[in-house]
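What TrEMBL records for this protein:
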| type | residues | note |
| --- | --- | --- |
| DOMAIN | A:18-549 | domain 'Cytochrome oxidase subunit I profile' |
| TRANSMEM | A:35-57 | transmembrane segment |
| TRANSMEM | A:77-100 | transmembrane segment |
| TRANSMEM | A:120-141 | transmembrane segment |
| TRANSMEM | A:161-185 | transmembrane segment |
| TRANSMEM | A:205-231 | transmembrane segment |
| TRANSMEM | A:273-289 | transmembrane segment |
| TRANSMEM | A:301-323 | transmembrane segment |
| TRANSMEM | A:329-347 | transmembrane segment |
| TRANSMEM | A:368-388 | transmembrane segment |
| TRANSMEM | A:400-423 | transmembrane segment |
| TRANSMEM | A:443-465 | transmembrane segment |
| TRANSMEM | A:485-509 | transmembrane segment |
Amino acid sequence: MAYAEQVETEALHEPKSFLTRYIWSQDHKVIAIQYALTAIFVGLIALVLSGLMRMQLGFPGSIGFMDAGAYYQAMTMHGMIMVIYLLTALFLGGFGNYLIPLMVGSRDMVFPYVNMLSYWFYLLSVVILLASFFAPGGPTGAGWTLYPPQSITQGTPGTEWGIVLMLVSLAVFIIAATMGGLNYVTTVLQARTHGMTLMRMPLSVWGIFMASILALLAFPALFVSAVMMLFDKLLGTSFFMPAIISLGQSLEHQGGSPILFQHLFWFFGHPEVYIVALPAFGLVSDLISTHARKNIFGYRMMVWAIVAIGVLSFVVWAHHMYVSGMNPYFGFFFATTTLIIAVPTALKVYNWVLTLWQGDIHLTVPMLFALAFILTFLVGGLTGLFLGNVIVDIPLSDTYFVVAHFHMVMGVAPILVVFGAIYHWYPKITGRMMNERLGKLHFWITFLGTYAIYFPMHYLGFLGMPRRYYAYEDYAFIPQSAQDLNAFITVAALTVGVTQLLFLFNLFWSAFNGKPAGGNPWQATSLEWQTPQTPPMHGNWGAKLPVVHRWAYDYSVPGIEQDFVPQTVSAEELQHMRQRDRATTPKDQRP
Amino acid sequence: MNRLLLRNTDSFEPSGGWHPNAGMPSPAAMDRARTARVGLRLLLAVVSSLFLLFLIAFIIRSQVPDWQPLTEPLAPLAQTNALWLNSAALIGASIALQWARVAARRGNAQATLAGFTLGGLLAIAFLLGQLWVWRLFAAWGYFVASNPANSFFYLLTGLHGLHLLGGLVAWGRTLGKFLRHVPLARLASSVELCAIYWHYLLGLWLLLFALLTSTPQTYEAIAAFCGLR
């Protein structure tokens, strides 16, 4: 393996005690695991909440405490936790932290102390959020979009404590995400090793890099709306609160603009979709290339598509607001930008498929999840084209069609990548493989199960079944068959939910009992698989940093037997390998 | 930023170490200083995004009829003397820190310390001045919830003050190192970062000052220009 000429002159300060190594750690790998485990923990809470909601919808009245208020609280917390505290935290704080320094050949993040703070602020935000379950009145039931005036007006659950805790928790989360994002972006810009040019970075790093930039610029919009709403709630200002009569009494507010909140929220909310999607795009590109033993098709195009999607994601936000009564010309503008953003997105899907084309496809567990992602993202993306058009969106707005669409495109699809990526990088993180049989079982039930859940929802949406209702009895326009379908969806959802225990079992069991993996079990090219130790030690690279000579996608290079060329192999070494293999290959089999 | 993005990584040393040696700045320390500058500039981009969104909200909200301008003859901002005084303190703080930055580059420890200390003290004076303006507002009966214009005044000056307060924490830590006789070479980078941050907050304050003391006609013109009316 090639290394830089210069010997590391400055000593690495190894953490000495248990506390500094595992708790107050500044090592990006430990912080990544802390982030990931915390995110998975809150994600499980959100999963249980969705199970409770499905029980109410499929079998009304089967859960004693589930009244309308509790249903709204479960719905709100489910949405907010899944989008922000699970997916955002897991992709950026988890995968970003673990992979960026390893993939760009750095010893750690550039600001390790800030990185540690980032995790502890994240944990604090989670604690504040969960505290609302125990606050008087319970958590807020305003819906994950928290639209005023209802979110802070009497009658909505949790208007006393729940909403305040939610807004404070979001503000703390944004501070955490900003500290993390500054680290990720600066590390990519400043701490790449010798030869690691931007256009040699794996697409995982590109995806996470661009998503971090989006997070840095979009989260302030949520921060602004959270702060202004807190002012309205606690200090009686009227930023968002119009003059309003609530429970027969006229409130002190006047003149505020609820639509202003919607604009601010979605100015954050739409980039947020891509904050989740871009890392998924990046990670899945690397999974597909590695497990199909083929270079990624159109690498430069893929990079520019990531950049283009990132930029365009800031000019499509109001397609979430077609029914808010805004100027029809706005609708025309945002429908157009929405269709334009579909172009680089579709380009990525084509390139994934073309990467698979005539590849040496290994149907490993990570690859299964990657393939399932392509399908799911395609389905979710196509329904997005429907909803992106004003005229189709208006009748479908606030129906289960929308629920099905966004769960497919930004719920299931990214989660499939999360699973695939965990199965893929787990051997590097723990040094052991996850059990493949359990992994495949987990995959098939999750993949087929999610389709059993969300495909029927599109149909329910066409029937006109509105979302966010706690019970569907006595609505003349909803046929009885819809209720049967709801029961079916609930059974599927609970099955998929319980199956995740298989994954959790595999995750913890394999850490101690899995098959030893070695340094590079997938025979991958990127830097993280070339570390001297597995799992990598503090400082990642031993005495010398690696030197990069090529991009991350040299699979099945003609003329050599080994079907991958790591990024650390120089042109001379490659030439040497060619000559060696030529000597041992019979003449008729030479390329 | 362009130069930064296009930089060829082959041309720099694989330092990667974290703990500087005392004395002369090593290539690793210079690398770290550059990294810190990049980090700070990114942070300033985030802060810009934050305030830009606040200002857009401000302009949109100012177009609702219940807005009572703070610049009317009997309103507290009819006279802006107090705010001009505070601005002078902040301008002074920025100049002092720039002086410290230049002195640090030339290796003059005493001048650096003097400029650095003065810059922080003037920033504290600015914050006290802002608190005094808040008290004036309250004395006039202009509370945070009485009108959206007041709400925005408290919100924007308060957030700007909090950002300056954050800067003062970094300033205090660096000052502590100065007083513990840490060599100048190891503090020059912190001085520079403080100076950049102070200049930014001065620029931001001047923008806020201009906007908060503008007339409703100006807001209307801005709103019309941005298509928000």
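Yeah, the Cβs are placed from backbone N, Cα and C, and that goes for glycine too.
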Cβ pairs under 8 Å between the transmembrane segment (A:485-509) and the transmembrane segment (A:161-185), at least three: no
PLDDT averaged over every residue in the domain 'Cytochrome oxidase subunit I profile' (A:18-549): 95
Among A:35-57, A:120-141, A:161-185, A:205-231, A:368-388, stretch most in contact with the transmembrane segment (A:301-323) (C-beta, under 8 angstroms): A:205-231
The transmembrane segment (A:205-231) versus listed stretches A:120-141, A:273-289, A:368-388, A:400-423: most Cβ pairs under 8 Å: A:273-289
Long-range Cβ neighbours of the transmembrane segment (A:161-185) (under 8 Å; 6 or more residues past either end): 73, 76, 80, 84-85, 88-89, 92-93, 96-97, 100, 109-111, 114-115, 117-119, 121-122, 124-126, 128-129, 131-132, 135-142, 146, 151-152, 208-209, 212-213, 215-216, 219-220, 222-223, 226-227, 229-230, 233-234
